Every structure is written in C-alpha cells, then in structure tokens.
C-alpha cells in the first residue's frame, strides 16, 4: 500500500507590520528602518526651520534685533531667535491662539524657534535609535548609541530644560553662532557658570577626550607601518607596504617608557576613550539642569567678606564676581528691554574701572 504525504505547508499571509518591516529594513544606499520614520522627517523640518529663519525671519518683534541674511547679517550673526518673554512656555503652534494660522505672525512671534528646537530634539533621538537599530541588524553592541546620549543630554538640557525652569523660552539660546556666544555670557553673568563643578567636569571630559583622541590616533599611526631608513620621517613610513605592522605590544611598550604606565588591553583603552567624553557631557547636562532650578556655583564667602572689608585684598575669584556684576548690569537692561530696568550711572561699569 502506498501512502502519500502532502509536504506542502501553507504559510501564513504576512501582516502589514511584516510588510512594513521588510520594506523599511531593505538593503539600500541609505538605510531607513523604523528609526527613520522619526529621524528623517524631524531632521528635515529642523534643518528647514533653521535655514528659513536664518535667511528670512527677523528678531525685531522678539529681541529688537536684526537676525537674518535678508537684513544684512552674515553666517556668524544670523540666528533663529527665541520667542519673546511674553509668550511664556507656549509651544507656539501655527494653529494656536497666538498665531491663529497666520504664518507671517507665527514667524514674527518666534514660532520657528520652538519648531526647530522640538523637531531637532526628536531628530537627535531618532539618530540615536538609528544607531541602535543598525547595531542590532549587523550584530554589534550598541555603544555608539550610548555614546550619542551625551550630545542629546546637552541639547535637551540647554535648549529645553533650562528655559522650562526659567520664565519662558526667551531665556534659551537662539540658534546662531553669535547668539550662542551671548547665551554663554548670560550663563556666566547670571549663574557664574565657569565656577560650577559640573561645568568643570564637562570641560575636563571634552578636553580630556580631545587629548586621548590625539594620543590614540598618533600611537596607532606610529605602529601601522614599519619604519624605514630614510632620513625624512614622512618618507620613512611606506603606506604601500603589503601588510600593516600594528602592534598593541609595541604601543604598550612605548607608553610604558613615556609615563611608566600604559593600557593593558584594547578593550579597557577604548572603553576609557568612550567613558571620558560621554561622562563629561552628561555632567555638563546635569549642571545645566541645576541652573534651570537656579542652583548656585561655588561660593567662597570668606573671600567676599574680606574683599569688602579690605580694599587691598582681592583674588581672581572676587574680581570675577565684579565682572559678573558688570555683565548683569549691562545685559539685563539691553537683553530684557520689556522689563524697563534702569540702573543709575554710578553702578554701571566704565572702561577699566573693573
């Protein structure tokens, strides 16, 4: 007796999710992925808002300033400025009660700033998710995405959390080079930011990372190629040699002779290079969150009291406090004209009086 077995297995119809997943993760020149659904439109709108504001939109109604190429600014002085203080923390939606669907009025009120800031934040988050997604696809660990959390933390703390802790979006940085410089001066004058321990950790992390990057790049470059006999150093390294001669042992021996210590293995070396800048950025972001709550930096009150009592006693610290007072006196009246702040002539710093 012959028994026939039907081996055909009926496959389930792919769901809409499966079809979308297949299309999004298809191998193409520019990977899209699920993260691309967040990244690509947000990055497009953020960059579009930035370039539109820089090119066409004035800050006359929000800061009393010219801030566009159309008004005569250049690439360093143009900016997408924050909304006026009167707008508070409104999202300034185009269809909201402030602009009421009027695009021109929306631009005048500073709507492009909230548009750019929010789309920029979600665009950065989308880029981090993109790194997670591709790392999973090619089966590597997601340390790139974890490292990118540092820039995201700084952006969100400076552009979103800090102004949320203050009166309004007005106190956030505008999107422009000179505008960021003004914001840095504001941070110093009103928060004594350079004496904040979190700022110190941030500087140590960023500059330390630059030093580590330079040392690491030079060391690897030094050991990639075999040294030759030519008198000229650059002729001695032959980039056309058949094999690289990179050696962790050689590099370890070099730095052991230089410093007396060296990294024992590649994993610890590269984790340290990851840890230093990311921790620095996170510490800086935490410090900015503290400033949003108006937490103070270091105060050396004993020096302040002695400087007030003894005209011959002055330190760099007390001198910096005087400079901060000057920044506040000049900047508050000019930067917040709506407050109608008036300072008597005798309290304003003049020339080299500081």
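Even glycines carry a Cβ here, placed using N, Cα and C.
Remote same-chain partners of the transmembrane segment (42-62), defined as residues 6 or more beyond its termini with a Cβ less than 8 Å from a stretch Cβ, comprise 68-71, 73, 78-84, 107-110, 112-113, 115-116, 119-120, 122-123, 126-127, 170, 174-176. The transmembrane segment annotation in Swiss-Prot covers 42-62 (among others) and rests on sequence analysis.
Per Swiss-Prot, the feature chlorophyll a ChlzD2 binding site maps to 119. For residue 119 (chlorophyll a ChlzD2 binding site), the Cβ neighbour count at a 10 Å cut-off comes to 21, with all displayed protein chains included.
Annotated transmembrane segment per Swiss-Prot: 126-142 (among others), in sequence order. Listed as Cβ neighbours of the transmembrane segment (126-142) (distance under 8 Å, sequence separation of 6 or more from its ends, same chain) are residues 25, 31, 33-36, 38-40, 42-43, 148-149, 152.
The transmembrane segment annotation in Swiss-Prot covers 154-167 (among others) and rests on sequence analysis. Residues 82, 85, 88-89, 117, 120-121, 124, 173, 281, 284-286, 288-289, 291-294 of the same chain, all 6+ positions outside the transmembrane segment (154-167), place their C-beta atoms under 8 angstroms from a C-beta of that stretch.
Under the three-state DSSP scheme, residue 199 (chlorophyll a PD2 binding site) falls in the helix class. The Cβ neighbour count for residue 199 (chlorophyll a PD2 binding site), using a 10 Å radius over every protein chain in view, is 21. Under the heading chlorophyll a PD2 binding site, Swiss-Prot lists 199, citing sequence analysis as support.
The feature transmembrane segment is assigned by Swiss-Prot to 209-229 (among others), with sequence analysis given as support.
Residue 216 (plastoquinone binding site) falls within a helix when secondary structure is assigned with DSSP. Cβ-based neighbour count (10 Å, all protein chains) for residue 216 (plastoquinone binding site) stands at 16. If you look up Swiss-Prot, you'll see 216, 263 marked as plastoquinone binding site, on the strength of sequence analysis.
Proximity of distant same-chain residues to the transmembrane segment (280-296), defined by a Cβ-Cβ separation under 8 Å and at least 6 residues beyond the stretch ends, is recorded for 149-151, 153-154, 156-158, 161-166, 187, 191-193, 196-199, 201-206, 208-209. According to Swiss-Prot, the transmembrane segment annotation covers 280-296 (among others), on the basis of sequence analysis.
The Cβ of residue 263 (plastoquinone binding site) has 19 neighbouring Cβ atoms from other residues within 10 Å, across all protein chains displayed.
Separating the Cα atoms of residue 216 (plastoquinone binding site) and residue 199 (chlorophyll a PD2 binding site) is a whole-number distance of 25 Å.
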